[in-house]
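Report on the structure given below.
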């Protein structure tokens, strides 16, 4: 069997076939990365049968270069592509947080006013604000309100001493308020209805999307009713005239009234009809003119 000539430590050569030891570069692509295989012959090895091969596998990134970690200090704030999205914490709306000195009081009697409620709570500290919620139209008490003390300790003392106490037949419920101020009133029951709107209003197609009254329809309907309304003579509205028209009372004297078409205006000019009975055995009654005068007179 032919043997290869020995190679010195400084000599290296390439073998085009992968079966023979040599230096070849094979590239294999996968879905994740690219592997480059480099095969080199060991210069110090003279064994022709074994042909020891040293393989160095270098794993590279898909882009061919390792990623460089980005530090927050290395970010350019003027560059929008590299600037980090920093969200500042949003502060709560002013007046919405309760520090502990604002109280919510319910069970307030309808006859109790703000000054009286302040006098009750001022025994335990300085009351800086008091408000009883009321109806917007009638101004009647809704039975609850809010108070504020100058310190949290004073508010806590008021809760411990006034909670479940009875005033004017109602029991107070005193506790820390969830908010330092009440919610803004909403349209409707607590803010008051729009008195200009009534049942005849309907939505219109105007730009503001509000409600308006159809003045044209009301004006035309009133004009139609007035044009076809019959005119009646004015009459006196007195109790006597009303009775005459209501019951059709004849104001003439009774003797001048007609009865079935016959007038009895002067009864002395009319003779009473004879009431005769033609039945045999009965004599006719004498008429008014046949009665003889009394001779004794």
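Here the Cβ of each residue, glycine as well, is placed from N, Cα and C on the backbone.
When 184, 238 are compared with the annotations in Swiss-Prot, the one labelled phosphoserine turns out to be 184. The DSSP breakdown of the domain 'RRM' (101-179) into helical (H, G, I), extended (E, B) and coil residues amounts to 22 helix, 30 strand, 27 coil.
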